[in-house]
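According to Swiss-Prot, the protein has these features:
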BINDING   His79, His81, His249, Asp324  Fe(3+) binding site
BINDING   His79, His81, His249, Asp324  Zn(2+) binding site
BINDING   Arg88, Tyr151, His184, Gln252, Thr329  4-imidazolone-5-propanoate binding site
BINDING   Tyr151, Asn326, Gly328  N-formimidoyl-L-glutamate binding site
Amino acid sequence: MTLFKHWQTLYINVNLATMTDGSESYGEISQGALAISAGKIAWLGKESDLPEHFSVTDEDIEVIDCKGQWLTPGLIDCHTHLVYGGNRANEFEMRLQGKSYQEIANAGGGIVSTVTATRRASEQELLASALPRLTALHQQGVTTVEIKSGYGLDTINEIKMLKVAGLLADELPVTIKRTFLGAHALPIEYKDNAEGYLDVVCEEMLPQVVSENLADAVDVFCEGIGFSLAQTKRVFDAAQSHDLPIKVHAEQLSNLGASELAANYNALSSDHIEFLDEAGIKAMKKSGMTAVLLPGAFYFLRETQLPPIELLRKHQVPMAVATDANPGTSPIHNIHLMLNMACTLFRLTPSEALAGITCYGAKALGLSESKGQLAVGYDADIALWNINQPAELCYQFGVNPLSRLIQNGQQVLMNESA
């Protein structure tokens with residue numbers, strides 16, 4: 001029996017894009033209704049199927065007439081680097097003038113410049129600079145964000161970054177998942193001693209991160225310009241010893257087999273994956289991993305190798321989409337632009353792209369049992385959009401159609417102009 005007397009809020013006259021795992025056409029329910037109780041979705045379906053004897057005039061329930069708008073799950077950005085010091089606009093200009101990556105690095109640019117600026121910044125300075133980036137995503141309907149470390153590259157500053165990521169949750173009603181990315185690059189003081197740096201990552205940084213409960217997962221940048229397969233395995237082993245889930249930056253510039261390696265550890269996701277091959281895809285499917293597509297970096301770096309979308313479809317590997325917001329290769333804080341790029345550059349369908357920032361974004365963070373879908377018992381993180389069909393969220397960007405944003409059942413944003 002549906003105990004509607006315990007409902008706090010009921011949305012009526014609304015179309016639902018439930019985005020349930022494996023659903024087609026957005027999991028649409030037209031002329032629907034959705035009820036919230038204690039921060040969870042308590043009921044959803046056709047408005048005509050509301051429980052018998054229920055009345056929308058019940059004074060104990062807030063009833064919201066959505067006037068035919070669309071409800072989706074709150075959006076999820078499952079791969080970002082939002083916390084960092086400085087910016088690299090000067091390098092952008094240098095690159096457009098024809099300077100090579102090495103020339104920029106020799107001039108003090110590249111990731112070294114971000115590491116230097118991040119180390120110099122205080123927690124409050126990093127918080128102040130990250131907050132507008134997170135605010136931009138939040139105002140676009142994002143309710144869950146993953147934030148990585150990786151610009152400190154020493155124990156004090158990696159810890160500082162993760163603490164700032166946690167503090168952001170006190171500033172905005174957004175769920176923050178933190179990922180330790182100490183193995184992002186070699187700091188200049190270890191430029192000729194990768195194994196020595198990994199000693200610090202695995203034996204000093206990671207135990208402290210765990211002891212202070214600062215991370216939900218561990219990531220590694222496995223690439224020719226990053227860490228080798230053997231070095232990546234070393235970090236994975238350390239993460240596994242601390243019972244932390246694994247993610248990996250993999251197959252962005254070449255195929256080292258990092259996705260296959262990560263699959264052996266039942267990793268959450270493999271991200272970038274432009275050079276992923278079928279063997280890696282099969283391994284990901286077998287272990288239940290998610291493929292995270294990052295079209296912003298593909299665009300900003302003017303890459304030409306497309307991710308193997310057809311093979312991912314063939315083997316039914318879930319595809320998430322994220323901003324990869326970072327100062328060097330994707331200084332983009334617009335989730336709707338990512339939807340459009342996923343469709344136009346990678347040829348995802350709009351329903352695949354939207355699934356990528358809802359149910360499969362949740363899966364990439366290990367949250368598939370609580371977020372990313374409109375389903376009974378799931379967290380009431382939902383977004384109301386003034387659109388005529390869900391594809392509009394992928395079709396256009398620059399105009400924000402968000403009408404209301406609800407986090408854990410509480411309205412946190414309202415845009416009367418939408």
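Cβ atoms are placed via backbone N, Cα and C, with glycine included.
Of all the binding-site residues listed here (Arg88, His184, Asn326, Gly328, Thr329), Asn326 has the Cα closest to the Cα of His81 (Fe(3+) binding site). Calculated from their C-alpha atoms, the gap between Asn326 (N-formimidoyl-L-glutamate binding site) and His184 (4-imidazolone-5-propanoate binding site) amounts to 13 Å. Comparing the binding-site residues His79, His81, Arg88, His249 by how many other C-beta atoms lie within 10 angstroms of each C-beta, the top residue is His79. In space, Gly328 is the closest of the binding-site residues His79, His249, Asp324, Gly328 to Tyr151 (4-imidazolone-5-propanoate binding site), judged by Cα positions.
Distance noted between the C-alpha atoms of Arg88 (4-imidazolone-5-propanoate binding site) and His249 (Fe(3+) binding site) is 21 Å. In this structure, the C-alpha atom of Gln252 (4-imidazolone-5-propanoate binding site) lies 13 angstrom from that of Asp324 (Fe(3+) binding site). On the backbone, the CA of His79 (Fe(3+) binding site) and the CA of Gly328 (N-formimidoyl-L-glutamate binding site) stand 15 Å apart. If you take the C-beta of Gly328 (N-formimidoyl-L-glutamate binding site) and look for same-chain residues 6 or more apart in sequence within under 8 angstroms, you find Arg88, Glu91, Gly110, Ile111, Thr114. Sequence-distant contacts of Asp324 (Fe(3+) binding site), defined by Cβ-Cβ distance under 8 angstroms and a gap of at least six in the same chain, are His79, Thr80, His81, Asp271, Leu294, Gly296, Ala297, Ser330, Ile332. When Cβ atoms from all protein chains are considered, those within 10 Å of Thr329 (4-imidazolone-5-propanoate binding site) total 20, not counting its own. DSSP classifies Tyr151 (4-imidazolone-5-propanoate binding site) as coil under the three-state reduction.
In sequence order, Ile111, Lys148, Ser149, Gly150, Tyr151, Leu153, Asp219, Phe221, Gly226 are the residues near His184 (4-imidazolone-5-propanoate binding site), counting only same-chain partners six or more apart with C-beta under 8 A. Residues Tyr151, Asn326, Gly328 are listed as the N-formimidoyl-L-glutamate binders, and the farthest two of them sit 11 Å apart at their Cα atoms.
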